[in-house]
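What follows is a set of notes on a single structure, which appears directly below.
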Amino acid sequence: MDGRMASCLCGSAPCILCSCCPSSPNSTVTRLIFTAFLFLGVLVSIIMLSPGVESQLYKLPWVCEEGAGTPVVLQGHIDCGSLLGHRAVYRMCFATAAFFFLFTLLMLCVRSSRDPRAAIQNGFWFFKFLVLVGITVGAFYIPDGSFSNVWFYCGVVGSFLFILIQLVLFIDFAHSWNQRWLGKAEERDSRAWYAGLFFFTLLFYTLSIAAVTLLFIYYTHPGPCYEGKVFIGLNLTLCVCVSIVAVLPKVQDAQPNSGLLQASVITLYTTFVTWLALSSVPDQKCNPHLLTHLSNGTILAGPEGYETHWWDAPSIVGLIIFILCTVFISLRSSDHRQVNNLMQTEECPSALEATQQQQVATCGGRAFDNEHDGVTYSYSFFHFCLVLASLHIMMTLTNWYRPGEARKMISTWTAVWVKICASWAGLLLYLWTLVAPLLLPNRDFS
């Protein structure tokens, strides 16, 4: 039994599943395990943000140095400040990003599981975990210096790209949802599926309208908050325009599956990104979530003046969406060829799907190799997505605050403009998916 366990730790993904688990493709199991590595780093970051961790660390004399000194001491003691708060999140996410970037380079141009590098991708989990732990330990010994400031701007760029990836996933999800429910409505000749689409479309638009109303109430109340009014009003106008374009007769003729369900999902997500942007406005009068550092600790600059820590509503919602999108990347490929080309995944052909069903019947609780003739996703691009995910969750957990002097965090307009530009880019991307068949009639956009 011990020998079998050791072989599983050093071998490939088929050993990961137990007999009580359903058989799964090797590619899916591998992506889920790598995603679990990322979530483990997120969990450690959340723990390091917890207010009670610092007092517990100082009780361990072999961990922390006494008093305020240099960030790292040669005797092996570490300034506990580097293990806590935004500095710990930066280092933990640097470790996960470096780990996945290493695999991004290592897995370039892998075409099938017959490539020797595929064995590294799909196995040797114990050693890969040790590599991640080693990078993490080394990251906490990085001197402060300019590391936090440089890594902040790396996080800004990576988070911008991951927001766009999230938008692509939402567009693809809404298209697949709409297409399947319309297909079931035609097959079963039932109006219930049409009613379901109408209900969720109405629900998403209602939530968007309610969210926009709350944004106007809480982020534009004083007269001088012109930026918030412009951002909310402009994004609302763009969402209305996109919704109108989605139901134009020419667009419907070119893309019969296009409709208001997709537009409502994009509208709701754009409203969420707008909320994220307004929550980073560096003006206490226009931003009820803005944190202020005082001598007695960190308080929320709100009307009540109550104490708070890093967690607020935008961060919590952003964390939930991050988890859902990351799992979504790991579990499935798209039903649309354009999205598969963008995300570097492939549809499963019917012949290959039949072969996989036979493998499922014979494997019994073990993962099977479904990439012998060709990979079902780009190993390198998948790891690059996890690099961007690491940077995005770093910015989310630190509320997009930029490290300042004396270990303070500063809210900047950089974060605001990055999120707003991401929302505009996302709307333009969705608008392009609607009008592209009209502008390029010779191309296949089915």
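Going from the start of the chain as shown, residues are counted 1 onward.
Note: Cβ is positioned from N, Cα and C throughout, glycine not excepted.
As recorded in TrEMBL:
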TRANSMEM  32-53  transmembrane segment
TRANSMEM  88-110  transmembrane segment
TRANSMEM  122-142  transmembrane segment
TRANSMEM  148-171  transmembrane segment
TRANSMEM  192-218  transmembrane segment
TRANSMEM  230-248  transmembrane segment
TRANSMEM  260-278  transmembrane segment
TRANSMEM  313-331  transmembrane segment
TRANSMEM  376-395  transmembrane segment
TRANSMEM  415-440  transmembrane segment
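Contact between the transmembrane segment (122-142) and the transmembrane segment (313-331) is not supported: fewer than 3 Cβ pairs lie under 8 Å, counting only residues 6 or more apart in sequence. The recorded stretches the transmembrane segment (415-440) and the transmembrane segment (148-171) share 3+ CB pairs below 8 A when only pairs 6 or more apart in sequence are counted, and are therefore in contact. Proximity of the transmembrane segment (32-53) to the transmembrane segment (192-218) is not established, fewer than 3 Cβ-Cβ distances being under 8 Å for residue pairs spaced 6 or more apart. With Cβ pairs under 8 Å as the measure, the transmembrane segment (88-110) is packed most heavily against 376-395, out of 148-171, 192-218, 230-248, 313-331, 376-395. Taking pairs at least six residues apart, the transmembrane segment (313-331) and the transmembrane segment (148-171) share three or more Cβ pairs below 8 Å and count as touching.
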